[in-house]
Amino acid sequence: MNGEVEDEDQIPEFDFSEFLRANSHRVAPYGSPLGTAPNSTGDEATAGADLSGDSALPVAEAPLLQGISTPEEGVDYDDGLIPELDCEQLLDENPHLVPPSAPWMPSPLTVENTVPLLAAKLPKKYEPQVIHLLKKVDLVTMTFSIVLPVFSLLHLVFAAPPLNATLVKIWIAYYLLTELSLIAGYHRLFTHQSYHCHIFVQFIMAVIGTSCGLGSILQFSSQHLAHHRYSDTERDPQSLSLYGWWFAQWGHKLFKGNKKSAKAVADCRKTLVSSVCAPRNKQLRSKQFVVPPSYSLLKWQDENYYMLWIITNLFIPTILAFTVCQLSVFSCVFYLGLVRMSLVQQQWLLAGSLGHLKTLPFSSQPFDDSRSAVDLPLSILAQVITFGESNHNFHHEFPGDYRNGPAWYAFDPAKWAINLMGHLGLVHHMHSASSDQIDMCRVQQQQKILDGERSKLQWGIPIDRLPMITPEQFATVARKDYEEKEKALVAIEGIIHDVTPFMHDHPGGMALVVASVGKDATPAFNGAVYAHSTAARNLLATMRVARLTKGSCVVQTSWEHNLLNDSQGQRIVRNRTQATVTRDIYYAASAA
């Protein structure tokens, strides 16, 4: 380096260009073998020689550098900067460096392959929230479950079409038949397969059930099975606990389900198909008419669902308008089609949403509270509103039961219809949970509630966590602690209790407690003197301090003696199981 350092506090910058020009003999030309370089005399140094002093600097292996052109002429290196390497020119001038097939080599940069790379690095553009929500809207279910019911309600309130008594009678009969087709057919027969039914009755319920607007049997049953299997999770198509009541009532009909719930519904559809196509069911269908659900019927109904909906909601009311009701077509279609469909449909959706609302006042979970399903309050009213589907907690615990509750008097029209068809020979194999199964679940749930309440209370230190002490140690420590600290340690049923805080409040007097210090008071506690109450035992449990090891060295109190002296030397008179009487009156604790 030329010149002196201008500032002693700064380290001068190393000039690589000047160093290379001054030490050109240390730099090996291109193509020289690794570890060799010309020395100051022009001779080659041997490989592996000492690199300090005049030895050459190591360079890259010769095979990789053969044929590489010399540095570009005309470039000024005096500015101390390293010129940028032109990779394309290097590869063009040295094609032998590129392997014939190198998948790891990047393809030449062109407009076609550069644009995707640049686009991938750009931040993702999110579409407006309104557009995103509109794409998730399910137009079919929204039309059947929201648009048409809202239209029917508004038209009924503000511009109700005319009707007559004949239409009202027909409407009631058609409404009841639709409810039975949905609950006894769609729900309990086709979904949960809780009984076997005549194939003709299955056909009627499959056709009339389409008028509810809740989809085909395969669609309805798949979603309902997914609701049972994945209740209260993201896979539940109508999870109230995750998305709220509005979603459980109408939201799951307005929007398409997420990917997890869609996959769950698809899996449950496969399960349903495999169940109805079981070999045993095929054998039964080939020999008799009262059979399990028929897959051929489900498939036919699914393929012709929209045609059947038009027939049941538009075509049949139109025929009745001309032949029986003597009213306009719109009046019959409105009442027998849209109003009836909306009422049946909304009753079903209401049962499914309210049936999982745990915050609903006076709702109960008598069989299981691990999930959100509840039995609705105001039993009779709730059963009428939901057409017998108010005992949702029972249904989720016993989904294969053809009933909606164990009570014979409960309002359950679907159960009555199934029983009636059973008497007529149209229904067989009605599945119902036994009274023992129901009672076991009820008792287990009650025990679970009691355990929860018990955990909130102070029951004393658990016995298995108490330290162990020998009877000899107990007798010695108890006597010493009482003499020095007036600490009363008493053994009852192998457990040592520190009864010092309660000694002065003992209803039987302090003398009995003092006489028991360092001794086994089990006989006296269990009835020799007084059979203590459950409250007294609970209070005693909070005073546990240790437990005794096996042994017989603990002196038992002699409560069977008729005469004892109290702490003041006064004689205690006891008449068998009568409570101890002493001269002083002490506070009688209610725990005794």
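Glycine residues also receive a Cβ, built from the backbone N, Cα and C atoms like all the rest.
Sequence annotations record features per position, and here TrEMBL assigns domain 'Cytochrome b5 heme-binding' to 466-549. Marked as region 'Disordered' by TrEMBL: 27-53. Residues or ranges marked as transmembrane segment by TrEMBL: 139-158, 170-187, 199-220, 306-338.
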Under an 8 Å Cβ to Cβ limit, what residues of the same chain, 6 or more beyond the ends of the transmembrane segment (199-220), are close to it?
141, 144-145, 148, 177-178, 180-182, 184-186, 189-191, 269, 272-273, 285, 289-291, 293-294, 297-299, 301-302, 305, 308-309, 311-313, 337, 340-341, 344-345, 348, 421, 426-427
Please indicate, using numbers and ranges, the residues of the same chain that are 6 or more beyond the transmembrane segment (139-158) and have a C-beta under 8 Å from a C-beta there.
213-215, 250, 253-254, 334, 338-339, 341-342, 345-346, 349
May I have the DSSP-based helix, strand and coil counts for the residues of the domain 'Cytochrome b5 heme-binding' (466-549)?
40 helix, 18 strand, 26 coil
Intrachain neighbours beyond the transmembrane segment (170-187), with Cβ under 8 angstroms and 6 or more residues off its ends:
202, 204-206, 208-209, 211-212, 214, 217, 220-221, 224, 320, 324-325, 335-336, 339-341, 343-344, 347-348, 387-389, 413-414, 417-418
Counting only residues 6 or more past its boundaries, what in the same chain has a CB within less than 8 Å of a CB in the transmembrane segment (306-338)?
148-149, 151-152, 155, 161-164, 166-167, 170-171, 174, 207-208, 210-211, 213
Averaged pLDDT score, the domain 'Cytochrome b5 heme-binding' (466-549):
86
